[in-house]
């Protein structure tokens, strides 16, 4: 029979550099969590997080490959270019986190007490976890917006930074719930409100871009995003000043880590993590503001 709709399978997508990177992601991801599940083993919340990262990224990557290969993505009511770019950036951040956490907590040079076989499986899993991060980063590099190129918003520097900002905010939230004592002062509660507001709006911006609904809004989405980014910079500036003062000034907190503070359960440690990542996100929003004035949104790619 002759087909009037062209080839059913998109073999060219798999033969491209991006397609090759995705196939390697699938292979490395499956290998990593298989090694861990078979003999490497994991425990506690950080081990569960690593397994979640590898299985989640593997599942979504398989979904993307299947959609690209069968043209199924043309039937989905989302902006496919924005979705794949956003996921590649998110997977890069998640996989590099897992690639650091797993060997840090589970890999050791000696065989005692876990045995040499388990140690070797954990080392192999760590190697493949590192390779997985590399191929996800390669996809981000290959699909990022080039100068003068018409592309999806999430593939631009500003779009990719939105994913990083949300990811950094999640790290801040994790430290906040780890006995950070943020409710002690109204000023630190203000900082939590800043983190929460900026995180929610950033997620909304990503969601509208991925779903391709920006053109349906009654207000200019592009200008609104730039205005929001400027507001986020001002809000994070206030948090970057207020949080260190009320946590590390001797009048309100402690400039040095208390000697009797238990490792892993010390509020001072959580406060320090929050302070560091507050400045990281402030820098990200400043860079985002600089780039967001030089791009144009394309919601249908």
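Positions of Cβ are set from backbone N, Cα and C atoms, glycine also.
Where the annotation comes from TrEMBL, it is an automatic prediction and has not been curated.
For 13-148, 153-297, the entry in TrEMBL reads domain 'MARVEL'. Feature annotation from TrEMBL assigns transmembrane segment to 44-66, 78-101, 121-142, 154-177, 192-218, 225-246, 272-291.
Mean pLDDT for the domain 'MARVEL' (13-148) in this predicted model: 94.
Secondary structure of the domain 'MARVEL' (153-297) per DSSP, as helix, strand and coil residue counts: 110 helix, 0 strand, 35 coil. If you look at the transmembrane segment (44-66), the same-chain residues 6 or more away from its ends with a CB under 8 A from one of its CBs are 14, 19, 22-23, 25-26, 29-30, 32-33, 36-37, 72, 84, 87, 91, 94-95, 97-98, 101-102, 105-106, 129, 132, 136. DSSP places the residues of the domain 'MARVEL' (13-148) in helix, strand and coil in these numbers: 113 helix, 0 strand, 23 coil.
Beyond the transmembrane segment (192-218), the same-chain residues lying 6 or more positions past its ends with a Cβ under 8 Å from any Cβ of the stretch are 77-79, 82-83, 86, 152-154, 159, 162-163, 165-166, 169-170, 172-173, 176, 182, 225, 228, 232, 235-236, 238-239, 278, 281, 285, 297, 299-300.
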